[in-house]
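Trainee: Here's a structure for you.
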Amino acid sequence: MEFSRRPRQAGERRELYPHSLQFYQEPPTESISLAEFESLAIDRLRLLKVVENLGVSYVRSDDMYKSKLQQELRKLKFPYKALVEDDFDARRKDHISHFILRLAYCQSEELRRWFLQQEMDLFRYRFNELTDSLRQKFLDHVNLQFEAISEDLKNECANDLCASTPGFSMNKVKEQMFYKVGLADAVELFRARRVFIKDGFAYVPLKDIDAIVLNNYRTKLSKALALTARSLPSIQSDERLQPLLTHLSHSYVGPDYSVQKNTGKISLEQIDALAGKSFPLCMRQLHKALRENHHLRHGGRMQYGLFLKGIGLTLEQALEFWKKEFIRGKVDADKFDKGYAYSIRHSYGKEGKRTDYTPYSCMKIIMSNPPSQGDYHGCPFRHCDPELLKQKLQLYKVPLSGINQILELVKGMHYQLACQKYFEFTHDIEDIGFSLNHPNQYFAESQRLLSGGREVKKEPSHLGTSQQRSSGQESMNSNSTPASSSTATDAELEGLEEYFAED
């Protein structure tokens, strides 16, 4: 991708971006700074994350879906109205940011699939928002020769259109716009006998024309992603761009959990109870494995240790926590001090390069360092066998309907959305109202909810007892008493939940 002079004249702007919607066929050719490069990409990544979340939470034709997506487009300054004369900056941002993320998300098949799906959903929304005249202008702009038929021709063919288009009454035919499309573009509709054919052309209703346009866009974008992937070696040799692109493909765009405002607010005695009430499944799994085996491998120690650091454990508490657990297994105190204590101090920025490591985001956990045999780190929704994941969800009293919903999301590779659904079922709420991107975000939101920061459903909860079980019950001693039955522990946690409810 070549970057050169930035266009400035109004005429050049209109020539570059004659329409607010495009197929992104021509790469940008202007100079931008690395700071703007990253800023544009992160804004588009935020937008695509919203598109992904809304696509699962709402029907795409629903007014709430449209309203929330338009709100996000406006907030991030992407084109949201079909044709505004002075929205060059928004169109430019849309154009450049797409190509940057195309570079970042062409690096693996999984990344390509995710990027393609979100871009398709975004395109569908924007195409359906076009007026009739602007839709025709866009079709001409991308060289799709789909001509809207006249009212006279539609009235003349009304009976045939009604008979050939499933689900259409005569009134619906009169209301709907039809397009004259070449048979090659409407071959699927023709095979399914869902379209009227006359003189070698298919007369396609608007509800189906968007599917044809989307299929055309998908084909072009899929090919473009494959071609971009082939050019990666030359891009990877650029030491300025490669770190940025790698960062973007694993990027987390939420709050910074490296600043531990909660430091010292949690006692070690509370961790078991908190694990059962407010830990995401990935951390709950690690906690359970640690309690059972009295050991975690390096990947698990890093993922879980940094999470605990993020929720408020001090260095001294962390050293005590890990030492107490490890010496219950095959590691004696001397071996722990010599072999493990250093890495804990290192993660708190007290050894080596003095880097203060941040807790892992969902994207980092999902995309890097997959677990092998004997490991417990990673994302259960991404790395667990579906049958094993189902057993875990049953163990934590997720209802069968909820398990099926979660497994469907996992099947569609929507791992973070599956975790959001897990949050909803284990906290007995209809909609969490936020995009889940970080295990520490999960913990903080759970604590706010449990302290009364969110409204819980009023009907009786089928998860009431399971929500209050400590992870101690998940350990080897399966007959231990749930921590929530202790009045002292409940009172201790109540104070903690009030703290996390604060801004």
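Glycine is treated like the rest: Cβ placed from N, Cα and C.
Since the structure is predicted, the reported quantities are computational estimates derived from the model, not experimental observations.
According to TrEMBL, the protein has these features:
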DOMAIN    273-443  domain 'DNA primase large subunit C-terminal'
BINDING   C282, C362, C379, C419  [4Fe-4S] cluster binding site
REGION    455-503  region 'Disordered'
COMPBIAS  463-474  compositional bias 'Polar residues'
COMPBIAS  475-489  compositional bias 'Low complexity'
COMPBIAS  491-503  compositional bias 'Acidic residues'
Trainee: Among the binding-site residues C362, C379, C419, which residue has the fewest other Cβ atoms within 10 Å of its own Cβ?
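Mentor: With the binding-site residues C362, C379, C419, fewest surrounding Cβ atoms within 10 Å: C362.
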Trainee: Cβ within 8 Å of the [4Fe-4S] cluster site's Cβ centroid: which residues qualify beyond C282, C362, C379, C419?
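Mentor: Neighbours found: P280, L281, I365, I366, P380, F381, R382, Y415, Q416, P439.
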Trainee: Relative to the Cβ position of C282 ([4Fe-4S] cluster binding site), how many further Cβ atoms are located within 10 Å?
Mentor: 27
Trainee: Taking all residues of the domain 'DNA primase large subunit C-terminal' (273-443) together, what is their mean pLDDT?
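Mentor: Mean pLDDT for the domain 'DNA primase large subunit C-terminal' (273-443): 92.
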